[in-house]
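*Asks:* I am attaching a structure below and will ask some questions about it afterwards.
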Amino acid sequence: MDLNFGKKYKDFTKEVKDFCKKYIAIHFIDSSKVPLSGSFKSGEIKMTRSDWQKILIEKGYFARSIPSEYGGYGGESDIIKSRIIAEEFAKSKIPPPMGGQGIDMLVPTLLELGTEEQKQKYIKPTLHGEIIWCQGYSEPNAGSDLASLQTKGELIDGNWVINGQKIWTSTAQYSQMMFCLVRTEPDASKHAGISYLLIPMDTPGIEIRPLVDMTLNAGFNEVFFTDVTIPENNIVGKRGEGWAVANATLSHERGSLSDPNAMMNRLNSLIDRMKKETINGEKVINNPVYRDKLMKIQGKVIAFQSNSLRVLSAKLNKNQDVKIAGMIQKLVGTELRHELEGFAIDIMGELGTLYENSPNIRDGGSWQIAYMYFLGLIIGGGTSQIQKNIISERGLGMPKEPKVQQGA
Amino acid sequence: MYFGLSEDQIFFQDNVKKFLEDNAPLDVIRKIANEDDKTSKEDLHKGIITLGINNILIPEDNGGLGLDLLFATAVSQSLGEGLATLPFTGSYVMAPIAIKYGANEKQRNFYLNEMSNNNINFSIGFSEFFGSRNESELSFLKNKVNGKTFFVMDFDYATHIMVCDKDGQIGIISLESTGIEVVDLITVDKTRVFKEIIFKNTDIDILENTSSSKEAVDNAIDAGRIVIAADSLGASKAMLDKAIDYSRERKQFNRAIGSFQAVKHMCAEMAAELEPCYSILWHAAHSFDSGEKNKKIMACHAKSHIADISKMISKKATEVHGGMGFTDLLGLHYWFKRIGVNRQMLGSPEIIREEAAKSQSL
């Protein structure tokens, strides 16, 4: 066991800390399109979001291992540095880099499987926040069984003509582009009939309808395609290879849904809240029942955080086997976060139910929002039940469910 | 950066595991637990001593191996997994640590040397410190001890007993002294031995530094909790492995029951909760070894969190086995009961979580 990262990283940590001090008070002058993944302090330094992205790339704090010819920093991939950056940014509450599905999922996919032309065209503006992407995977009848999707693409006169419907499309209303799974080979088997297409969102025939979720935000959309026509070469990989291409990005998504740094920050906010809040003249933190529940959650959070350290270690030490430890992160992380947020509501009692701009609201109502939002994440990106199938079948080697016979 | 057990630690752990697999299959454990088969038990103890498990935490200068708590933690996982009917946590972890921090130099060298030669074996009675009961009234006065200590562990091959009063003062009593009454306790877990001991004006050697400092008792209890958690983790792993194996073999409705999602999800839930337990356990042992300031919080959470998860697994893994899980035939209950006793040893989860809260000034 060795939890030291060495002198090189000590120096790097100091550099990042200094950077965070310098940019503690950013005020973005352009309006927020894609929500940022964390909260941050606002202040005097005025700039656009795109400017901020560029500063972060220049320092190597963002897009670190993406080659400079595509607009990245062009450094070696360094998991420890990435972790230090994430930790220090979270601690000091300066704005994190813009994330979103283009940056988190499409860029890695293009780097791995895109053509040179696609890399040149899309990666740089995506990193700078100039092209925002949405993901067109799920359909009303293709959720957990994603490969059964039916949105159709036909190649007519050198163009793809797309008809069908997508759902759960986050940020569709702000996006310039969509990466989309479309059935292009109707005669091939389920998984072999899908292609991965890149669709400009201003193409005629696309209709976006907001889908209001339980937090009352329109976080998702439904997207309808009627004879949407795009060039033949807007495809990543070959025809019928879309499933493999998509799986390359799904693995990027699952890792990002349960961030242990955010979890620890949230736990600390919960402790602060319990120290401030009183019930019958006594601080909540002194109530033995609430104390015990808090400590129970803290134990779980520490176990989860330690587990993510173990998973990180296996990335650095190739002989370490943490197969199951890695597989469980989405399931455990989202369920635990939901529990934590829900407990914060309980310690406030009636006050915990306040929402929007209600008088007496605590912490901007963030506990209720996150409580519901994380229920969404328990379901999204592969439900907890799908995760349990994956853990038991791929991790524990348990037998697969027998296939239902056709016509049964 | 490396988070996990080292090659040496894994090697040691595997040796202990293999020794128990070869020498203590379930029918041997049964004989020891149910029929008090002293010969089998003694053979096991002699065998495991040759592997060096009694010497892990004793410094090299005193004839020990001079290894750290993470080693002991790794070994304890195997002991729980293999249902070792042997002393460990008290005799070979808490005792050397209490002596290290609590003894003066003369005491330290005497006891540690004798321990490494296996001439002195300690039984541990620390319950008065973390969960004193009214009837106990253990008191030290002028090198004499009176009162009783409840729930003494690792009495099996003890030559001495180490007790702690409610102020954290630690003393050592030779079992050859007069004024000692040993009461046999019967717990649900018959793989290990527990006693109540009553002292009447018995000679006691107080560890000198413990009259002014709680460092010895705090460290011994933190370490003991981590190592007991490791035992429960090992036992939980054994139960989960058995549940998965059984679900592959057992057929109903013409299918292996492990192909039903209801069963699969039970196993996935167990695995999902068990994996972070390894992480917090090793992290806690490492924090202890490197003397980090959060080491007490880590030890508390490792013990109480693993107590909860292993309780869940002991129930669910039994359920996966259906009616067979409930029988004595399969012997699953040995692990179930061991987990049940570990949960209460050195403090139940609620008691320990309150300590965790206090130690971060909440």
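Using N, Cα and C of the backbone, Cβ positions are placed for all residues, glycine too.
According to TrEMBL, the protein carries these features:
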type	residues	note
DOMAIN	A:11-130	domain 'Acyl-CoA dehydrogenase/oxidase N-terminal'
DOMAIN	A:134-228	domain 'Acyl-CoA oxidase/dehydrogenase middle'
DOMAIN	A:240-395	domain 'Acyl-CoA dehydrogenase/oxidase C-terminal'
*Asks:* Across the whole of the domain 'Acyl-CoA dehydrogenase/oxidase N-terminal' (A:11-130), what does the mean pLDDT come to? Round it, please.
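*Replies:* When the pLDDT values over the domain 'Acyl-CoA dehydrogenase/oxidase N-terminal' (A:11-130) are averaged, the result is 87.
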*Asks:* Per DSSP, what is the residue count of the domain 'Acyl-CoA dehydrogenase/oxidase N-terminal' (A:11-130) in each of helix, strand and coil?
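*Replies:* Counting residues per DSSP class in the domain 'Acyl-CoA dehydrogenase/oxidase N-terminal' (A:11-130), I get 65 helix, 7 strand, 48 coil.
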*Asks:* Under DSSP, the domain 'Acyl-CoA oxidase/dehydrogenase middle' (A:134-228) has how many residues in helix, strand and coil?
*Replies:* 10 helix, 48 strand, 37 coil
